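Scroll down for the structure; my scribbles are underneath it.
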Amino acid sequence: MASNPLDNNMPTTPVEEKIPVASYSPSSSGSSSGASLLVDIMCGSKETEDEEVDSDEWDKPETENISDLDERSEMVRYLRASGYAKFLEKYLIEEELPVRSILKKLGINLPSALEEFEDIDLLPLLKEVLKREVARRIKLPHFNTFEDVVNLLKKAKNVVVLVGAGISTSLGILDFRSDNGFYARLARHGLSEPSEMFDIHTFRENPEIFYTFARDLLPETNHYSPSHAFIRLLEKKNKLSTLFTQNIDNLEKKTGLSDNKIIQCHGSFATATCIKCKHKVDGSELYEDIRNQRVSYCNECGKPPLKLRRVGQNKKEKHYFSDGDSESSEDDLAQPGIMKPDITFFGEALPDSFFNKVGSGELEETDLLICIGTSLKVAPVSELISVIPPTTPQIYISRTPVRHTQFDVNFLSPYCDWVIVEICKRAGWLNELQALCDLPECHSGSKTRAFETDLDIKFEEPSTYHITSTTNGSC
């Protein structure tokens, strides 16, 4: 079995044994997974209502003075140069700084819920912060502009593309984490923990929650966007190594993209499986139930067994009839299993194809990574960027920026399609992209918006582009 390079847990070090607090035990002072979850919330950009802790992001220089930034930079440099153990020894042991002070100097503002915690109980959180800082990729300084991206695309031979829901928003499909996304809609309908809709344990106990809201995720179109077409264009040019998609709409396949190029990280609506007998069906068989907010049950294990009784005096005769009126027939009825679309819920393992690809070593050959329409908040897919060699150029295309890693060039736009069309125009690929978008499988509305909107392009140093419509900022 391939090793999992996404497993980067940091072991307990001898330095922690030197910490002069008798009550501290590295094995019992907190859950590393809990600390990881807290850092996910505190260090991710605040985009939706499902994130309950409203805290500062990693980098907000406008709220800090120069000396604070210099001190943080020095601490980070020391951490990267000397390692986790030396860092703890220097700041916790030698300088005797409280854990909460170190966290604050690193840009982590504790939520009020943690203010009453004993200082030493915050050590698992500090450990998680340091682990992430060490793993965080540093931007390559020599890739900054549109021209750099065009040159990278022309030279690349092993492009990895990672996409999220933002690639399909031009088709009218909701993303998850924007202000008007799916999670925000669930919150407005009173679902206190929107992500519970995709929790496998909740689904098994109360499938009505999923079936009440799933119709908003059901693909209403079989047509792809210009951004999908761009990925197919990369394959046609023999540049695409792998597409990792977090989407469940299955639209990537509508472009004609080869199956062996696609890793569906979170499954799709293409098929569905009974959680009881594992009977598998085409996903479209559930669509009527989903659209009517009705739980879908299995037609296979839900069939009542035929109760037969032999009649006639001659034992050699084989005449039987159904005894549907028997008192025991009601007991013989099988409880049908619940049908679940083959999408990956929280609490379920990702497909083997994902881990096989990540563990195969193929990603080490990547010469360009392009992330499109994803906030990179759901592990382990979000950790792919740490598997790609840090010297590989990385491009980010989405509506909002990410704070927990550094891409080389960022393109921020209400529609990813606008960015894609502009890149292809500058690369001399516009006619080829247009040809793919002229096919009947391409969504006509998204094609018109992508190719006919006049764009306003603003550059923000050192390497971020803001791309909007010249008329009203969007369209």
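Cβ coordinates come from backbone N, Cα and C, glycine included.
Checking the candidates S55, S67, S329, S444 against Swiss-Prot, the annotation phosphoserine falls on S55. Among the binding-site residues C277, C298, C301, not one has a Cα within 10 Å of the Cα of Q246 (NAD(+) binding site). The two recorded residues C274 (Zn(2+) binding site) and H266 (active site, proton acceptor) have their Cα atoms spaced 18 Å from each other. When other Cβ atoms within 10 Å of the Cβ of R399 (NAD(+) binding site) are tallied across all protein chains shown, the result is 20. Cα of C301 (Zn(2+) binding site) to Cα of S168 (NAD(+) binding site): a distance of 36 Å. Cβ neighbours within 10 Å of C277 (Zn(2+) binding site), excluding its own Cβ and spanning all shown chains: 14.
If you take the Cα of R399 (NAD(+) binding site) and the Cα of C298 (Zn(2+) binding site), they are about 40 angstrom apart, rounded to a whole number.
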